Amino acid sequence: MNQSSTSEKLICLLTTALYACFSIFNTSAWSSLSLLIVTAIILVLQIHRKGLNDICFTSFHSSVFLFGVFCLLSSLWALNSQEAIEKGTTIMEILVCISIFFWVYTTLEDGFNKLLKSIMWGGFIISVYAILFYGVGHIMFVIMGGYRLESAFDNVNAIGLLCAFSVILSVYYFIYEKRYWLLLMDIPIIMVLAACGSRKAMVILVLGSLAVYMLKADASSIRSLIFRFITTIVLLVVLVLVISQMSIFAGLNERMEGLIALIIGTGEVDHSAMIRQEMANLGYAIFLENPIVGIGMGNAHIIDAQVLGEDCYLHNNFAEVLANGGAIGFWLYYRMFFNSFWLTKNYGGLQEDGGKILVIMLVSIVLADYGLVSYYSKIYYFFLMAFYVYIFQLKKSYYAVE
């Protein structure tokens, strides 16, 4: 084994560990410290591999930079300028570190695939850590009693979401690369996801996994498309029926019923869903009063405390960004996601397996924004970095063919 191969494997191992640390150390100073330490080690390994060659700056860097600048500038009109400065500084710090990962993985062969595997295995590590942290007995008590885990080292909804992404990717490698043994890895992940009781995580897991199966169809064959479509619908119905009858998902099913009651307006409404809807509505109301630049990044919780008595973020990234940053902030943030889809499509990536899983992951994380605040999340920028690594390598291949 040569030194280059050893360095690459060490880089991938460190990346996986760092991804898991984003969640495991989320509520401690170790989150930022682990990012700094691992980034520094990977930078040394990369310089050893490549020197300072092949460094590049793309629309990914400029887009994140512009959004970070906007966050900092919003301190000029913010209700609390310090909040906006903290958010902008956080995004700039993330950009510096993530840019090093971008440079490294654009120089690795099949870099996007390696990043996907880091995300998949990172989710597995998080689930194992959660089992060790809470204890198997407590997790089983929570599941069988229809309860949900309390947030501790990370928000339980975030843990559930990361578990869902891990399962989607294991299904992807199971279907596309016949890695059957990966399904065994899903056992502890689904166990933790059930204990988290996250509705959006379960919805994303089911829809994302079915989308992976659906997009395996041969686009040039009408028969294949029809077959995949019909079997996807059948699988969806079967999965919903099975999940609704399994005791392991009893607590989650009860929360889903409360959410559905809120949506259709009949039945017993879940209190948590009702509060979150009120928070989202408040965010949209703030946006309508301050439609251009909002009230300053990170400031919506101030109005939330005054109106609803809940001094916290709005649990909805769309409402949060609109309230804090107005139309300009919303556009600057979500254009990064839209551009990743547009560039993938523009360079023919939708015909490739990598492009298909990119779109599935992209849609999944945007859907998840209905239930969490993500615009300063290290993990979300990690995802964006992975998407743009794929686009960089796709663009390189596109012009090489021409």
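In case you wondered, yes, glycine gets a Cβ from its N, Cα and C as well.
Residues annotated as transmembrane segment in TrEMBL: 12-45, 57-79, 91-108, 120-144, 156-175, 187-213, 225-249, 317-334, 355-373. Taken from TrEMBL, the feature domain 'O-antigen ligase-related' covers 189-333.
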Highest-contact recorded stretch vs the transmembrane segment (120-144), from 12-45, 57-79, 187-213, 355-373, CB pairs under 8 Å: 187-213
Cβ contacts the transmembrane segment (12-45)/the transmembrane segment (355-373), at least three under 8 Å, sequence gap 6 or more: no
Region pair the transmembrane segment (187-213) / the transmembrane segment (317-334), three or more CB pairs under 8 Å: no
Rounded mean pLDDT for the residues that make up the domain 'O-antigen ligase-related' (189-333): 79
Contact ranking winner - 91-108, 156-175, 317-334, 355-373 against the transmembrane segment (57-79), Cβ under 8 Å: 91-108
Considering the transmembrane segment (355-373), which listed stretch of 91-108, 156-175, 317-334 counts the most C-beta pairs under 8 Å: 156-175
